């Protein structure tokens, strides 16, 4: 029987507007005959029939905070609440009620606007510290503030299978991965970052749900065979009963921003979100977040990872775009990586063009309607000249570009310190929004490898074998000068070997690199790198010019053009990465080095 809101006495709100994962634990389950609420000990739970309200079901009475529960669906179960805010540690089936919005915050700080143009820092909670917890990461926040970081981007923290992983196969979008800590720990992390003047953004995966521990299909038609993704059937975003599915995904984003206090979201691989609706899911999310920003009276930022190379991603919804504020630009990474490492395998092939970096810094994308040999077709579209370049994120490293190498090795294993310094300068002096990856600021040589912890041996074996197949055709032997043994994602050692080596900071060469990054970040925040002019390649020299500064990177030990170039340099302060501050303009740059000129 359908009941009215007054019959159920829950403040006149329909079930889909009730707080997720607490109180009456609203559940969308159309076409189900009976939903029972299982409460208490998983070994001997109490069973109570849920009350039906159309296609939704509600607990007959509000559950107190901290109550352990699960659902039984037409005699099958237990199954976890899709919108649970907390999982019982060690279980993928039992969850607990938790009102995250009731957690008290200790900071009222907020960013002064959108998070574009600021210095971002991507980190993975599990490998950022030896302990791999939010509480341990809090202890490192003063270090990040001293470095000059303005925005921290956390890799996914939603519940995923096992005790370790990157987090991109999440299954509990509304709940925090227990090994990282409690909801209170996450609030404390955000508050302490805010107290230090650092904004916090969260990486959120809306393009798929993981295969292990995913029980959504037990309740409702969350997925549809109409759209295929690399992970199987896509979300049902444009078919019958798609409304609650869209609300489920948008609700996960809103919960992070509203309840935990995040300042922004990075949305993973949005090009894999298949939606033929008149209003695309991303556009609807943009509108909802805009409304939330006005309601909360604080700025919120949405950043998309997209390989479409299309400025429509960051074009306003009312102008026909998706309404994202910013987007990652892999072309920037690829152009820098090829120029510095000379690697040209796979998708790097096209970026061997000597003019690639100049084009990217001028036009944002290398492939902006041009032919992509990797894809076998024309790719991308031109970016309007008047579009702000800080809408596009540039980086020399990130979790993908390091972790998806066969050995998870960083540029620091291959490049000289002088060239690493050059990569840093080109990113931090760029017109784009710069992002660093944990440890790159001191030239860390700790690897970041792909690691998983699937209890299902079949899935674990498939991941291991799939990883080996994936790398078999990438010519890694040429890159590593010999046969490559790809680390097993399932092995504990692969995770442990990915822990950041903070002890490196006691070594002179790493201290020197850290000081270089601090100086560059300080100059950027002072506005020295504003008013970008150009980046040009002259043989083995890269020359970046802004109104107040120049960066010159010598990519090779000797360069015929360098003497003539140095003779034309302007007056100013000269800083060589290798030799430090110079009293006079240098007559030459010896070896692979980076020269910074301010003035």
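Quick reminder: no glycine exception, Cβ is built from N, Cα and C everywhere.
On a predicted model such as this, the values are computed, not experimentally measured, just so you know.
Feature list (source: TrEMBL):
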type	residues	note
ACT_SITE	305	active site, proton donor
BINDING	266-271, 330-334, 399-404	substrate binding site
DOMAIN	122-467	domain 'Glycosyl hydrolase family 13 catalytic'
SITE	400	site 'Transition state stabilizer'
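Non-local contacts of residue 403 (substrate binding site) by the CB criterion (under 8 A, 6+ apart in sequence, same chain) comprise 166, 448, 449, 450. Note: the Cα of residue 330 (substrate binding site) and the Cα of residue 305 (active site, proton donor) are spaced 9 Å from each other. A sphere of 10 angstroms centred on the C-beta of residue 269 (substrate binding site) encloses 19 other C-beta atoms. Distance between Cα atoms for residue 333 (substrate binding site) and the residue listed as 'active site, proton donor': 13 Å, as a whole number. The separation of residue 305 (active site, proton donor) from residue 266 (substrate binding site), Cα to Cα, is 7 Å. According to its DSSP assignment, residue 333 (substrate binding site) is helical.
In the three-state DSSP scheme, residue 400 (substrate binding site) falls into the helix class. Taking the Cα atom of each, residue 400 (substrate binding site) and residue 305 (active site, proton donor) are about 11 angstrom apart.
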